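Below is one structure, written out as structure tokens; the observations come after it.
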């Protein structure tokens, strides 16, 4: 097996266990009922958040074993529930207080899980307990940190208004993007003022994650206001092919060159060029969600999931062999890889929602963990706070000199603050919407 294949499989195995942690958190109330929000938060933090931290740090080399163990535990829980269902008449009054199979349940779970993993990784990468192979690849390849921006674009695309058949005026996109641009500028100013190290090979000298999100949103909105959403996949395909063609012709060598950055364009070449790929990814994600929303039966939905997963996997394999996969370029292979991982995770959450609806109505199951609902309610704020805390930690201590135990303690406290703030805002019904 090639190194790229091994890295891709390992990255996938690092992400998948988070699904099982979420399932365990939603299943546990069936066996140990509890109603206190504080207890609920504590249990979910222990079951979901801490294992994710451990999974990308001290347990990184045994992710396959962890997946097997957690699968075995969940199989036991599910088997007990199925046996109970077979020998116990279905209650006329379900104990589940929310509708089970609406779009929000599994979409909320996958969006918040993406955000949670990303937030853990952006600080964990600064410590020695975070394996260097999980850091962003300098040119091509697969790594955990390479997933972040791509999965975030996917998470935004699947909940776009157009995915529900609604038109979003360009003015709305511009207004919300102004907030992102301001955040991007503030991040640039703060990193320069504090001499906080940011690799130029990520987005460029002045460009950053927030600028990419803003540009992606504006360009996608322009395309969606010109073309019918029913055929937006054609635009996504044409844009991806054109982008890959230009990369192979000259853009790839320009991006990877070590020539001096002499002007504003060359200074931010990674951010500018990769934005085209992220627009394609956004359009693909939106069209996938739009197609899923149109499906009326579970059979057709599952069929759609299967088709997208197989196609994205095959394209990833082909591009890995032919063009390589690069987050820095946001090329065709990267787009397909992100779609494969994101849609696979979405399918898992959808299947679990379907199983709960069809088989476990006698049980007091949560539709979504409280922490994930809280994160989804203020997703960008959650991510912003994580960035601020990451900066403060790096300015306060020399992270590469911190012991493994202290690193874990810092990461747990960091996530406790993040998740705690999100939960307080959610409980108080405060939604600070910037997007």
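Backbone N, Cα and C atoms are what each Cβ position is placed from, and that goes for glycine too.
As recorded in TrEMBL:
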TRANSMEM  39-60  transmembrane segment
TRANSMEM  66-87  transmembrane segment
TRANSMEM  108-130  transmembrane segment
TRANSMEM  142-160  transmembrane segment
TRANSMEM  172-189  transmembrane segment
TRANSMEM  209-227  transmembrane segment
TRANSMEM  232-251  transmembrane segment
TRANSMEM  271-292  transmembrane segment
TRANSMEM  304-323  transmembrane segment
TRANSMEM  335-352  transmembrane segment
TRANSMEM  380-402  transmembrane segment
TRANSMEM  408-426  transmembrane segment
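The transmembrane segment (142-160) makes contact with the transmembrane segment (271-292): 3 or more of their CB pairs lie within 8 A, with pairs spaced 6 or more apart in sequence. For the transmembrane segment (39-60), same-chain residues at least 6 beyond its ends with a Cβ under 8 Å from one of its own Cβ atoms are 14, 17-18, 21-22, 24-25, 28, 66, 116-117, 120-121, 124, 127, 129-131, 134, 144, 369-372, 404, 407-408, 411-412, 415-416, 419-420, 423.
Note: the stretches the transmembrane segment (380-402) and the transmembrane segment (108-130) are in contact (3+ CB pairs below 8 A, sequence gap of 6 or more). Highest Cβ pair count under 8 Å relative to the transmembrane segment (271-292), across stretches 108-130, 232-251, 304-323, 335-352: 232-251.
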